[in-house]
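Asks: I'd like to ask you about the structure that follows.
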């Protein structure tokens, strides 16, 4: 049997830990780097990530570490699970070590200052690296508990996709491939905003019709925006689009859903985020997405409505009334409507 090449995972959160465990279960030696030396030591001793994945045993093949330079030297396949706000500051000082390596982003976020996706930041930091993204309906705890799960690895580099499939694909985790890196990654980032809306709707006792309407109109809205930026609309009918949107907008395990649910219960945004105790990328994404949609003149009423509630002092009832009074458009944007003429 061929010995597996070592792999690195950057980030000590729930998803980074779940992916590290998956790799180790497939016989891959893994170093999982995190900034907090106390967290690394506790995970190494107790074989658990109590803050982010309490009750899930850390596989013996995962080595939690705090030495970033040694970790970057360790492997030429690196999964990057850093918060969007930290990715650039962590990796830019070590750009030279990333040359020629395979960097796969696991982070579903957008950089506020530039509106760049995480893989685009990786490209900027390390133009000679091979870049990919992993995205889909992937709740970290369910992955860690071996629930049947599928995901998408996306890259223009077919060999990179095949390599990621080889190390991650297993009995409970299926890995599909796509060449639409931008569309796959954008879908993962955009759906976080709509999960906040869905969580609010549930907390407020809205009906199943309402929740279904929100999810399908969210899909139309995020697809419309993505296509304006050059993505393939068909990507949004797959795991990284509608698949990720459904699970994130339906599950109390979703961090962004939890924030929305707390808001619907009457908490302030600050209180909701503090109660979560983790990063909810949707809050940051909402701000930059609202500005970008206005800049490129893409109609995104759900984004505008949530922004009005969280940052403009509008009430939910005011926003709902405005949304329901808006002129209804066609149901699906990307099919011929000539029959209506």
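Glycine too: its Cβ is placed from the backbone N, Cα and C atoms.
OK, Swiss-Prot features for this one:
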ACT_SITE  191  active site, proton acceptor
BINDING   14, 15, 35, 108, 140, 255, 279, 281  NADPH binding site
BINDING   108, 136, 191, 244, 254, 255, 256  sn-glycerol 3-phosphate binding site
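Please situate the listed features within the shown structure.
Replies: In sequence order, 108, 218, 222, 241, 244, 245, 248, 249 are the residues of the chain that are 6 or more apart from residue 191 (active site, proton acceptor) and have a CB within less than 8 Å of its CB.
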Asks: The record lists 108, 136, 191, 244, 254, 255, 256 as binding sn-glycerol 3-phosphate. What's the largest Cα to Cα distance among them, in Å, rounded to a whole number?
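Replies: Greatest Cα-Cα span of the listed binding residues: 15 Å.
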Asks: Measuring Cα to Cα, how many angstrom lie between residue 15 (NADPH binding site) and residue 254 (sn-glycerol 3-phosphate binding site)?
Replies: 12
Asks: Quick one: of 35, 108, 255, which of the binding-site residues has the smallest count of other CB atoms within 10 A?
Replies: 35
Asks: Measure the Cβ-based neighbour count of residue 281 (NADPH binding site), defined as the other Cβ atoms within 10 Å of its Cβ.
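Replies: Residue 281 (NADPH binding site): 22 neighbouring Cβ atoms within 10 Å.
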Asks: Could you tell me the C-alpha distance between residue 255 (NADPH binding site) and residue 136 (sn-glycerol 3-phosphate binding site) in angstrom, no decimals?
Replies: 15
Asks: Looking at the binding-site residues 14, 35, 140, 281, which has the shortest Cα distance to residue 256 (sn-glycerol 3-phosphate binding site)?
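Replies: When the Cα distances are compared, 281 comes out closest.
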